[in-house]
Amino acid sequence: MSQERVPWIIKYRPKTLDEVVNQDEAKSKLLEWLSSWEKGKPSKKAALLHGPPGCGKTSLVEALARSKGYQLLEMNASDARRKEDIERIVKLASRSGALTGSRKIILLDEVDGMDVRADTGGVEALVEVIKVSANPIIMTANNPYSQMLRPLRELSEMIAFKRLTPRDVITVLKRICSAEKLVCEDQALDEIAKRSEGDLRSAINDLEAMAGASERITLGLVKSFSTYRDRTYAPYEALQKLFNSRYIFQAREAPTSTDLTPDEFMVWINEHIPTYYEDLEEIARAYDALSRADVYMGRIIKTNSWDLLTYALDMMGPGVAFARKTYRYRWKPFKQPERIKLMSETKKSREIREALAEQLASHILASKSVVKSDVIPFLRVIFRSNPRYAAKLAESYRLPSEVVEWLAGPRAKDVLNYIKKRRVGK
Ligand SMILES: Nc1ncnc2c1ncn2[C@@H]1O[C@H](COP(=O)(O)OP(=O)(O)OP(=O)(O)O)[C@@H](O)[C@H]1O
C-alpha cells in the first residue's frame, strides 16, 4: 500500500496553544474574546486576525478549537466568489449550533482575497451573516486595512499578529529536524530563517524541499537552493522598513512593498513623519521630500504620465528616510492614520452631501461645487433655525428623511413633524 506523504506544514502544525510560538498577545486577546462569546456577551460579533503570512493565524484558531472542544468549520473566503456562496455555507453553519448541540467556530481564511467587485456583494453578505450568527466567526487577513473591508473591521475584534523573528523560526525548524532525524548545520538554519523573513510556512517548505535533496543540510546547500521571495508587508511594517532603512534601495522598495497604492501609502508616511523623527530639522526635510513626491503624484494623475512614478517613489522613499542626520534604529508604534479613520467615519456624511449637491445642482442650475460651498451651508442654517420653513423646502425638493436629518441635526424631529403635518393637511 502506498503511504501518502503529509507535507510538513500540516504534519507539524501546532496541536496545542502552547506550541504556537511568540504570539502571546494575540492568544490572550483571542481567548478573552471567545470567553465573552461563551458568556453570551461578545464584545464584538466577529474577530479579524491580521498579520503577515505564515505567522500562525490559522494555526492558533485550530489549536484553540481543539483545546476548547469546538468543532471548526473552515472555509477559504477567496474561494467563495459570490454572495450566494457565502450566504449558503456560512449561514447554515452559523445557525445550526444550537440544534446539534456541538459548539462551532467558523473560520474564514483570507477575507482580503475575496472577490470584491461591486456586483458580487461578498462583503455585504458576510456582514449580514456576522450580525445574525449564533456561533463565533473568526476571519483572517494579511491586509485588513483596505477600504472594502471597512464594514468587517467595524464589526470585528481586531487582533494583530507579529511577524515571527528568525529566532522563532529557528526554534520550530530545530523541533522538526530532531523529529525527522535530520542533520542540519546551525548556519544553514540561520540562512533559511533569514530568507523566510518571518514566514514560517515558507521556511518549513524550504526545509522539507532541501531534506528531499540531501540527508545533510549545509549552508552551501541552502545557498544553492532558495532565492529571496518578494513579500507584501502590512503598512506599519513597510513604514518600519522605510524609516529604518540603511540603504537607498531598501527605502526605495518600501513604498511598493504593501498592498496600498503609492498615494495611499503617502498618507501613512505623512502622518508618521513626526512619530519617527524628533528633530525639527529632520521633520522639515522629510516633509519637504514628501511634498515633492506629492507634486509628482499630482502630475501623474492629472496627465497620466506614469513614467514620473519613479521620481515620486524616490522622494517618498529615500527622500523621507534620508532626511535623518544620523542613523539609529528606532522602533516606533505606527498606527492607522487619523485621516483614514476620519474619512471612514465621515463616509456616510460625505455621501449624503454629495448626493444632495447633485440633486440641487440640477434644480437650481449651478455646479455641484457651488452648491456645496454656497448653498448647503445656508440650508443647514435654515434647517436648524426655522423647521417650519425647512419642512416646506424639504417637501418641494422631495428630500429623503436621511437628508433632512443630516441637514437639521438636533432639530430633525421638528422638521419631520412639520413635514408630517403638511402632508396630513393636504
Ligand atoms: N506562531 C507559530 N507557531 C508555530 N508554528 C507556526 C506558527 N506560525 C506558523 N506556523 C507554521 O507555519 C504553517 C503556516 O501557518 P498558518 O497557516 O497558521 O499561517 P497564517 O498566519 O494563517 O498564514 P496566512 O496568512 O498565509 O494564511 C503552519 O502549518 C505551522 O506549522
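Placement of Cβ uses the backbone N, Cα and C atoms for every residue, glycine included.
All annotation found in TrEMBL is predicted automatically rather than curated by experts.
Taken from TrEMBL, the feature domain 'AAA+ ATPase' covers 43-171. Positions annotated as ATP binding site by TrEMBL: GLY51, PRO52, PRO53, GLY54, CYS55, GLY56, LYS57, THR58.
Projection of TrEMBL feature records onto the structure.
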| residue | record | CB count, 10 Å |
| --- | --- | --- |
| GLY51 | ATP binding site | 24 |
| PRO52 | ATP binding site | 20 |
| PRO53 | ATP binding site | 17 |
| GLY54 | ATP binding site | 23 |
| CYS55 | ATP binding site | 25 |
| GLY56 | ATP binding site | 27 |
| LYS57 | ATP binding site | 28 |
| THR58 | ATP binding site | 18 |
Candidates PRO52, CYS55, GLY56, THR58 (binding-site residues) with CB under 6 Å from ligand 1, in sequence order, are CYS55, GLY56, THR58
Surrounding the recorded ATP site, with Cβ no more than 8 Å from the Cβ centroid of GLY51, PRO52, PRO53, GLY54, CYS55, GLY56, LYS57, THR58 and those residues left out, we find THR140, ASN142, PHE161, ASP199, LEU200, ARG201
Model confidence over the domain 'AAA+ ATPase' (43-171), as mean pLDDT, sits at 81
